[in-house]
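Read the structure below first, then the notes.
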Amino acid sequence: MAKSARASVIKKNNQRLKANVFGPVEQARAERLSAKLLELAKAPKPEREADIKMDVEEQDDEAAINGEDEKKEAKVDDTLMDVDSAKPKRRSGRIQKQRKKTSKVVFPKYSDRRGGSKGGVSKRK
């Protein structure tokens, strides 16, 4: 008889489904996530960019001392990107808003069809 969401039979059924059907799915998902996190934790940390730049500067100093300027220039060319050197395009300060499309069809206004007077007869006499 009672079939609303607050009915005790529906509540029992939902609790049973949560335990039997969705419980194992949630457990498997949690296991997958924990395995993924453990794998990430075991992986070696990537070097920070500051450390890499310091290493490059030290190598450049050694190359300058040894007279290897040609290799230094080749390294600089490899590390530079073309995208970084391009200047951003300047926009005008005015914001262009999209306008609503206007209707191209225009219907004529008929004076005899206006709602102001009925039958074309005025009320004044």
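Placement of Cβ uses the backbone N, Cα and C atoms for every residue, glycine included.
Keep in mind it's a predicted model, so treat the numbers as computed, not measured.
Here TrEMBL flags 1-44 as domain 'DUF2423'. Annotation comment: TrEMBL describes 43-56, 68-78 as compositional bias 'Basic and acidic residues'. Positions annotated as region 'Disordered' by TrEMBL: 43-125. Look at TrEMBL and you will find 88-103 tagged as compositional bias 'Basic residues'.
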* Please spell out the DSSP helix, strand and coil residue counts for the domain 'DUF2423' (1-44). => 35 helix, 0 strand, 9 coil
* To do: Note the mean pLDDT of the domain 'DUF2423' (1-44), expressed as a whole number.
  => 89
